[in-house]
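Straight from TrEMBL, the features:
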ACT_SITE  143  active site, proton donor/acceptor
ACT_SITE  173  active site, schiff-base intermediate with substrate
BINDING   52, 216  pyruvate binding site
Ligand SMILES: CC(=O)N[C@H](C=O)[C@@H](O)[C@H](O)[C@H](O)CO
Ligand SMILES: CC(=O)C(=O)O
């Protein structure tokens, strides 16, 4: 019976955790948020409680409630809901994995523990294996994000023989710019049906060329539609149009990166674009400044990202 689901592919939005002005989780907007992703952005997969969702800044009880709300509100609307269950405590991670299975999530993902760290591939595999075993019927994804975890074990090395150790292993979320490592993950695992999900939105086109089967990212919350157009152009082998879309997306990301871009800014941008209040982030993050939001808004407008007007071939060049 295990894994009736089809392979996770296409865009996966790393969901924001909406909060109220006093820092509590704002569950009341999650239903609207699901509809927005599906209808306005054409995004039908989500990745909950990850980096963008401030998963590691939430309590275990909050993480369970958030996961449950997304699964409930996504029912019959979303294709797949993957829950990030990584934690420093193996016990907590296992508890969250088991909970994800109980509520009917479609998969779980785990980052490397990042305080007391695994120093070898085998130790990291052992940790992941123990978490995966707590949800033996759920597809398992390793979430590789070395810049944030400080665990630099190459993904290519980790994947070597991983299914013998973790039978539920189904794919990799790769949030790093090392396309040699990413390409070799794909190249060395052609026999498997793994999902190779890229996590650096501004470089997605390069990863598609390397064999990415999908992407998980924060910008798909509000640039999902535009990115889907890039995926379609790539599918049709229209590389120059695909590149036009990637450059258009890069112009925006490059602009905000220079202003200082992270989860707080993602919350502000999503509020602006979707009209759904995402609220402030939780400490240690700080709310994005007014100046940031104003500049981002002006840029979004100049790139036509706010009106969602359909761009025709060629009109992209003009919008910078
Ligand atoms: C570190 C981080 O949060 N990475 C996100 C997902 O992996 C991306 O979606 C980035 O936010 C995006 O690529 C912009 O740099
Ligand atoms: C971007 C991403 O995948 C995350 O927020 O975890």
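Every residue, even glycine, has its Cβ placed from backbone N, Cα and C.
Remember, TrEMBL labels are computer predictions, not curated facts.
Everything TrEMBL records as a feature, shown here on the structure.
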residue	record	Cβ contacts under 8 Å, 6 or more apart
52	pyruvate binding site	14, 15, 16, 218, 221, 263, 266
143	active site, proton donor/acceptor	50, 84, 86, 109, 110, 111, 173, 175
216	pyruvate binding site	12, 13, 14, 47, 50, 173, 175, 197, 198, 199
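Every protein chain considered, the tally of other Cβ atoms within 10 Å of the Cβ of residue 173 (active site, schiff-base intermediate with substrate) stands at 29. In this structure, residue 52 (pyruvate binding site) belongs to neither helix nor strand by DSSP; it is coil.
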